[in-house]
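Peer 1: Can you keep this structure in mind? I'll have questions shortly.
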Amino acid sequence: MYAERVLSGMRPTGSLHLGHYHGVLKNWVKLQHEYPCLFFVADWHALTTQYDDPRGIERAAREMVIDWLAAGVDPAQATLFIQSQVPEHAELHLLMSMMTPLGWLERVPTYKDQIEKLSTKDLMTYGFLGYPLLMSADILIYRADKVPVGEDQIPHVEFTRELARRFNHMYGREPGFEEKAREAVKKLGSKKARLYDELRTRFQERGDSEAVERAHALLEEVQNLSHADRERLFGYLEGGGKMILVEPEALLTKASRMPGLDGQKMSKSYGNTITLREDEASLTQKVRRMPTDPARVRRTDVGEPARCPVWQLHQVYSDDTCRAWVEQGCRSAGIGCLECKQPVIEGILKEQAPMRERAQLYLDDPTLVRNIIADGNERARKLAQETMRDVREAMGLDYS
Ligand code: TRP
Ligand code: SF4
């Protein structure tokens, strides 16, 4: 009933680094060609931990959008927007908060973890506990069925699925639901109605998931069906109420293998990053200062790539020939470390060249970015408003 749709969000953390590029953005760039995509700046999410110092958020959000654009996220393909500019997220969050069991929130694995990890902050707040619920609202309000996230966010998507089910069950059972659903089946025409009933029975009696998929495909094909009837038939199929909110699926983004300057995972908190648009001089200096195999004190000492963080960057940026040159040269002291680092520097520069070029366009003309965001906000708002209309109606709050 609802089109395929991808949604993902990112907290505005300031300038992004190559870890974000290899871990997340490259995937977004790929997805934007495969599905309609919505990507947003989760600025309210930043507030859940940064409520004491919100001043920098807006600037970080703009910078981050420039990084997305630089990485190749294309506003002609994907919708880019800012969470707080679509206040419907807050309305859905509020309505769902009424029916969200406290225990579900307390059991989300990141909750206790984060409180312990960020022990210098007081996170015993209402907003911080409700953070997964806000994320659920972000997803459900667009009826997004695919949510690309890293492993740490999977429990949040699972939580979202449970909430959608609870919501549909609670508010999708309008008076006379069964009768209305039977009426809607008839409207499919006798042939399709028979097939629908058959698939429904197969699912309900035998849990046949292929039958559900086929029934979904069938309903998607049917043209002359009202929105409400469609929702009913989707819900009736699986035995719940109307399907008002769509259960999303996580698209697991494989953990990025992007090593930082010290060989640990690249992360701002380790201070080992190269930013997406790092200028050439600073990039060169950072790589030149990278630690190498500690056994190579003098140029004539032999080394072992496996003990060297530079070698890990060669895995990302060099081809087989170059890597063979490194292994041979390092183990025989045939090359020096600065020499060895040069191809890495060049590889990163080459990767960044198109990013720098695209970013320059937006830096030269900030109204471009403003317009892209304004445009995205508006498109997102339209979709969010549609869902909210159905949600209010289902809850009997539409005052029409
Ligand atoms: N919670 C995510 C993070 O911290 C960001 C986020 C907020 C998000 N809302 C979302 C991601 C909705 C995917 C979908 O990384
Ligand atoms: Fe590392 Fe290259 Fe030096 Fe070997 S030659 S220690 S791989 S930087």
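Cβ coordinates come from backbone N, Cα and C, glycine included.
Curation plays no part in TrEMBL annotations; they are all automatic predictions.
Straight out of TrEMBL:
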type    : residues                                                                : note
BINDING : R11, P12, T13, G19, H20, G150, E151, D152, K265, M266, S267, K268, S269 : ATP binding site
BINDING : D138                                                                    : L-tryptophan binding site
MOTIF   : 12-20                                                                   : motif ''HIGH' region'
MOTIF   : 265-269                                                                 : motif ''KMSKS' region'
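Help me picture where these features are in the structure shown.
Peer 2: DSSP classifies S269 (ATP binding site) as helix under the three-state reduction. Just so you know, the Cβ of S269 (ATP binding site) picks up 6 other Cβ atoms within 10 Å once every protein chain is counted.
Residue environment of D138 (L-tryptophan binding site) contains 27 other Cβ atoms, counted within 10 Å of its Cβ in all protein chains.
DSSP states for the motif ''HIGH' region' (12-20), grouped as helix (H, G, I), strand (E, B) and coil, give 3 helix, 1 strand, 5 coil.
Per-residue confidence over the motif ''KMSKS' region' (265-269) averages out at a pLDDT of 91.
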Peer 1: Please identify, from the binding-site residues T13, S267, the residue with the sparsest Cβ neighbourhood, meaning fewest other Cβ atoms within 10 angstroms.
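Peer 2: Each of the binding-site residues T13, S267 was scored; lowest Cβ tally within 10 Å is S267.
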Peer 1: Taking just the CA atoms, what is the gap between R11 (ATP binding site) and D138 (L-tryptophan binding site) in Å?
Peer 2: 13
Peer 1: Starting from each candidate's C-beta and looking 10 angstroms out, tell me which of the binding-site residues R11, H20, K265 has the most other C-beta atoms.
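Peer 2: Result for the most crowded candidate: H20.
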Peer 1: In the same chain, who gets a Cβ under 8 Å from the motif ''KMSKS' region' (265-269) while lying at least 6 residues past its ends?
Peer 2: 13-14, 17-19, 256, 258-259
Peer 1: Between S267 (ATP binding site) and D138 (L-tryptophan binding site), how many Å separate their Cα atoms?
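Peer 2: Between the alpha carbons of S267 (ATP binding site) and D138 (L-tryptophan binding site) there are 26 Å.
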Peer 1: In DSSP terms, helix, strand or coil for R11 (ATP binding site)?
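Peer 2: Where R11 (ATP binding site) sits, the three-state DSSP reduction gives coil.
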